[in-house]
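Following: one structure in structure tokens, then a few remarks.
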């Protein structure tokens, strides 16, 4: 502000006449005159007028001199050191700077704060944030004090008016007032004066500040309520926090708040007791009899008085004392009350702040009002709620001034209470909701703006739309390299606009404006600039739904014509994409950091392995498989063809392979012969191994190799370290080419070929094995090149093969009718037995169904034998390109048994195949299954998506934060079995993990793996060879880290096959790995058969949910509660069966278990049973197992059960992902005895808090607290998160915010969600370097410094 502004006359200011008169009398004629007085002198001179002058003093920073502000010498010295010359400098300083400078002198800082309060000035807290900086350490939430609400406010809203319908300008003192909230147009006041870009000046006439219009998104107002109002969150939410705090029943408290009853504050001469609740009638009678000698209040006023009278410290002491004396039921209610009272006592909240005298008004930018055509307005519903409050508040004010009757005022107060309730939460009000007139539904309150998928958290904070993005349909790009994608020029020209403009400015030496003009013309220069810009600039492609991290990957863009994005065919499995109209979104990383991350971490060619199990995710499919299958077929010349035109086709075949057994010098000679049609791709030929650049033994090099040209072409893409692949076997791949294919010199080739068996062609499974083997030996970049070669070969030779499907390819099975006749006869026999009473209906049904199943299998086997090797449909199935044996049986054999809508098998089968055609009745039977399939898929997708969301939420804060937590415990693993079959091998379970103790050979005692050594594949094989059945490994379940986990407990990162790095977000990866295959799981709960009492066995997705949510299982198994011996099993017909177990230590003590009738008993007499062992079939109740057998057994059980469900669908997920989820289910502990800690018995707290409390007691040599572990379902675990932001954005938003506000909770921002919400870098990946957990030195530290640090650690 220029100094000449200080010579403005006070008469031009917007001041009342009495104030102007006082200023004149004090000798203050201009603003400069204020500088001649101190603050205290001004206060004494102006008296009550001082408050009216204060805003002017603040706006012009008066008095200027720091000495005139009544600050102590110490404060002035600190401010001078900071380089502040006057009051204006002080007002422009950020709070962060002041806080730091006054750290050592809190009393001086208090003085400065008092000055700010007087001037209603609150310095800016946030400093200018740079990219990725973290200048905040935590996020705190608490109740707002009335003074704070007034301090946030820029003025009181007194009128319910919004916008003038004629001028479209905001009304003065209304909900959109420019004086309170700031100007509607940048630097323009309400009377349309303009001021150019100088802030902090006010219009003399209308009082609006000249500033940017964006302040309307941050400036708040307030409404001064004529009567106190209770905040509905603390009254109407269940359980009512206010009711618990005041120890009043919720219903009674509601009656007080809504002016139905009165509460006695001071009984005076009456017979009432303090805090007694009386009715309106009782109050009127007492008032009539005793007059004003007693005090009884109603409404929020009464609640406020009760809260103010609460002595928290005293109440805590009384309650703690009564804890030990009362019954269990009373103790629970005392603990609930204690929790709330202690929350208030330990935080800087006051209970009376739950009753409001003033409410804040949201900035108008967040509740806009837009004029529509025809003079109507579209408005946010919050505005209607505010208008209702203002209407009722103003009416109440008027009635109070007019001294209206008590009844009328009471009714108006109740209506005001309801209006404020509706503003904060319009769903909870016990009274009638405030409805939208047009749509007849409750208006959207502030709580609704936060809740649910459309709420602020999930819609705007966790998922934002981003610029520089586009979307288009995808088509195949067979000519692309692995790391490329085709981007349409039309898209790229817009997406890369800023880079093109920069390029134009650099090359042509022009300014921004001219560059824009050239860009608009879209001439040759612009397109050339685009070609330059796109080079080496990766883009991200994403396909919804993004089920796992491979759903968004980086590619190098290649500009193409047309309008569709082109995608490399090999990356489709990772995106689960196909080319039937799928769309993909494209994003451009802008900053250099983002581009580097995209290239190094997200490029497709670096993401070849699936994070869930470490298998290659980019395996060739369909045409690529078919082409390679066709290429590697080997045919004998002397084969006879039996089908149609057999003579002609046999002759053609023999002519094609007429030169079988020919010797060639090298591959080029063989190719020339093929081009001249002397040999075929499948003809068996001989070649010298020396001419092939692959691995052979010395002995093999002296002989001739028998192979085909097709196989020579295929082997040409393999590196020299590989053996020549001549047959699809593990031996050929891992060891060498079998010697059987080598012809010793001097041997008759014709005789040699006759004896030699024909190897199978290379199918999809074998191609995957080659890729996995290649990946182990080579770098990622080499693998991606090799994959491109496989793709090119596949497409080329599937085109050359010209494989088609025709009607003639489907041959019906010759023996079908005889087989059907046999079954019909047998079924008639079964029917006869049933009629004669030898079979029950259920048994008859089972036998009939089994007969049809057997016959279908027989037809299937026969069909496969009749199918010829060169049948195109057979080739598709055999190669793994498309279709399965079952599909062909339905095409050419018989469709078989179908299910009805309930999922039960229909007895009558579909006898026809699709080749023969179905009857109407058969077609009808088939429709049930098809319809059920579609509905199941739709339900499954939603269910699976919700499961993934819960899993991500429960694990999102699990990040690898250190190398080693030095845990001395381990987790013992063994091969996983189900029904006697091995479902996960021991080798798979231990590979890539660390040993928790030394593992020695059981016979020789030689060390195989040392403690804390990584078990690599060769070591795992040694362990298996040594016949070790149980291996102790480091596990996430035994990790000692306070937050996150350590690298040693996690092991190898399956996506890279290297040790996991610090900062890896392993929690999210685990959740995605379990959730992503969720759609492949079944939705069924299977019936065990016709037995009425047999329980349903839950499988598939419902079973996973049952385990992770810790629900009581259907068909619960009975478990043993002790270690002992089974004495007897009684199966008495009239009663339920009974198992008797004797204790191991005390054989005389017997435990009896009564069973349900018809259950399968899994144990027999004299068996030894252990705690937690299943006695009957079914699923175990996890809470029961935890009580009986302890944590480790439950963790092991969950791990095995989850694996069983996924393995049943042939999905393999690494144990470590499931372990992370289980780790999160066991993060809380139930306090049994509090010892000398501040913990409350019966409460559930995190293990970290429990450990800290006990460590403190150990230091002070006091009694420790005792607790027992509890198991939480993933939803409950998410809601109990230490982070209030993470929990609130998940579910039950208001409930979590209510509790967090009462406790004055602090969120230390350890997880990912919290940081995304407040717009910071996540503490994972490259962002972990910025967090408070990791302080890396800016400059390289000297060796002496590093040694010093290590010693300190």
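Using N, Cα and C of the backbone, Cβ positions are placed for all residues, glycine too.
The region 'Unknown' annotation in Swiss-Prot covers 1-117. What Swiss-Prot records for 118-1353 is region 'DNA-directed RNA polymerase subunit beta''. According to Swiss-Prot, the feature Zn(2+) binding site maps to 189, 191, 203, 206. Per Swiss-Prot, the feature Mg(2+) binding site maps to 578, 580, 582.
The region 'Unknown' (1-117): residue composition by secondary structure is 81 helix, 2 strand, 34 coil, according to DSSP. The number of other Cβ atoms within 10 Å of the Cβ belonging to residue 580 (Mg(2+) binding site), over all protein chains shown, comes to 7. Each of the binding-site residues 189, 191, 203, 206 was scored by how many other Cβ atoms lie within 10 Å of its Cβ, and the smallest score goes to 191. Within 10 Å of the C-beta atom of residue 582 (Mg(2+) binding site) sit 16 other C-beta atoms, taking all shown protein chains into account. For the pair residue 189 (Zn(2+) binding site) and residue 582 (Mg(2+) binding site), the Cα-Cα distance reads 52 Å. Per-residue confidence over the region 'Unknown' (1-117) averages 79 (mean pLDDT, predicted model). Listed in chain order, the extra residues whose Cβ falls within 8 Å of the Cβ center of the Zn(2+) site residues 189, 191, 203, 206 are 190, 192, 193, 204, 205, 207, 208. Taking CA atoms as the reference points, residue 206 (Zn(2+) binding site) and residue 578 (Mg(2+) binding site) are 64 Å apart. With respect to their backbone Cα atoms, residue 203 (Zn(2+) binding site) and residue 578 (Mg(2+) binding site) stand 63 Å from each other. Same-chain residues with CB within 8 A of the center of the 578, 580, 582 CB atoms, the Mg(2+) site residues themselves not counted, are 474, 577, 579, 581. Per Cα geometry, 582 is the residue among the binding-site residues 578, 580, 582 nearest to residue 191 (Zn(2+) binding site). The number of other Cβ atoms within 10 Å of the Cβ belonging to residue 578 (Mg(2+) binding site), over all protein chains shown, comes to 12.
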